[in-house]
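Okay, so here's the structure we're looking at.
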């Protein structure tokens, strides 16, 4: 995808965690090409080369031997040292047994729930090209990003109490290279480029699948999170849950939206109003509370009857 490389070299931040409309994040200086990774599950063979490529490039090692329980999934789940995992499912569709394989990892949502939920300033950022990246040095280990993710992706590392996930190889993409998983895929099931290019290619793959009898083939790019920068071509796009629980209509939890978009701004306005009221009080009344007390004391002493008067 050499033609896309120039458009994704500059990493401009457009969103930062723990900001709101009252404290807006910086915006990209100009338009940057939105990138996307397209995973065609119909051509994936489950070889796990992408897992190895991710592990090698990011220098992370999950304790896979401890998790091997007689299944193909190994490691059996994402963790702080396994940012991509192959999911294997046997399903019966149209009286046929099908073997569905899906590469699982961060979806890099256009409207990321993790970023919206994060209370730590700068711990999660989103670039103009769509990549959502965690800044581990600013993570406070609260785990709110885990609760805010509709795909259940981020994982806490018990060793340093910080959260990690796939970065979409932002370090490679920023210098015009493709992600490590794309580089290592032997069948071309994982592709990378501008989102527009990937959607055009996905249309071709969907048309091919439909011509082969998969009537409900389609592109998985859920609108509930504004679309994603990791997309899937699925045989059964009408039933994404068949692919190891891929959510059909993922959305940011209402409690997160209510907290960040309603309650937090209202609280900020209330605090601002209180500050203005204090300033107004200072300007109109003045900071003479202690002086008033002292004045009343002097006035009391002056008006206090003498001992002779009391005796009378």
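Yeah, the Cβs are placed from backbone N, Cα and C, and that goes for glycine too.
What you are looking at is a predicted structure, and each value in this text was computed from that prediction instead of being measured.
Residues or ranges marked as [4Fe-4S] cluster 1 binding site in Swiss-Prot (evidence: similarity to another entry): 44, 47, 50, 185. Look at Swiss-Prot and you will find 54, 166, 169, 181 tagged as [4Fe-4S] cluster 2 binding site. The [4Fe-4S] cluster 3 binding site annotation in Swiss-Prot covers 106, 109, 114, 149, and the record cites similarity to another entry as its basis. The [4Fe-4S] cluster 4 binding site feature in Swiss-Prot is assigned to 118, 139, 142, 145; the stated evidence is similarity to another entry. If you look up Swiss-Prot, you'll see 35-65 marked as domain '4Fe-4S ferredoxin-type 1', on the strength of sequence analysis. According to Swiss-Prot, the domain '4Fe-4S ferredoxin-type 2' annotation covers 97-129. Sequence annotations record features per position, and here Swiss-Prot assigns domain '4Fe-4S ferredoxin-type 3' to 130-159. Here Swiss-Prot flags 164-195 as domain '4Fe-4S ferredoxin-type 4', drawing on sequence analysis.
Secondary structure at residue 109 ([4Fe-4S] cluster 3 binding site), as computed by DSSP, is strand. Less than 8 angstroms from the CB of residue 149 ([4Fe-4S] cluster 3 binding site) sit 112, 113, 114, each of them six or more residues away in the same chain.
Among the binding-site residues 47, 166, 185, the residue whose Cα lies closest in space to that of residue 106 ([4Fe-4S] cluster 3 binding site) is 166. The Cβ of residue 118 ([4Fe-4S] cluster 4 binding site) has 30 neighbouring Cβ atoms from other residues within 10 Å, across all protein chains displayed. Between residue 166 ([4Fe-4S] cluster 2 binding site) and residue 145 ([4Fe-4S] cluster 4 binding site), the C-alpha separation comes to 14 Å.
Other Cβ atoms within 10 Å of the Cβ of residue 169 ([4Fe-4S] cluster 2 binding site), summed over all protein chains shown, number 23. Highlighted in sequence order, 107, 108, 112, 113, 115, 132, 145, 148, 150, 151, 153, 154, 165 have their Cβ within 8 Å of the centre of the Cβ atoms of 106, 109, 114, 149, the residues recorded for [4Fe-4S] cluster 3, and are not part of that set. Mapped onto DSSP classes, the domain '4Fe-4S ferredoxin-type 3' (130-159) shows 8 helix, 6 strand, 16 coil. Counting every protein chain shown, the Cβ of residue 44 ([4Fe-4S] cluster 1 binding site) has 21 other Cβ atoms within 10 Å.
Cα separation, residue 109 ([4Fe-4S] cluster 3 binding site) to residue 145 ([4Fe-4S] cluster 4 binding site), rounded: 13 Å.
Shown in sequence order, 17, 114, 117, 119, 120, 123, 124, 140, 141, 143, 144, 146, 163 are the same-chain residues outside 118, 139, 142, 145 whose Cβ sits within 8 Å of the Cβ centre of the [4Fe-4S] cluster 4 site. With a threshold of 8 Å between CB atoms, the same-chain residues lying at least 6 positions outside the domain '4Fe-4S ferredoxin-type 1' (35-65) that come near it are 4, 7-8, 72, 74-75, 79-86, 88, 100-103, 105, 129-131, 166-169, 172-173, 179-195, 198-199, 201-202, 205, 209, 214, 217, 228-235, 243. Counting neighbouring Cβ atoms within 10 Å of each of the binding-site residues (114, 142, 166), the lowest count belongs to 142. Taking a C-beta cut-off of under 8 Å and a sequence gap of six or more, residue 185 ([4Fe-4S] cluster 1 binding site) has these contacts in its own chain: 49, 50.
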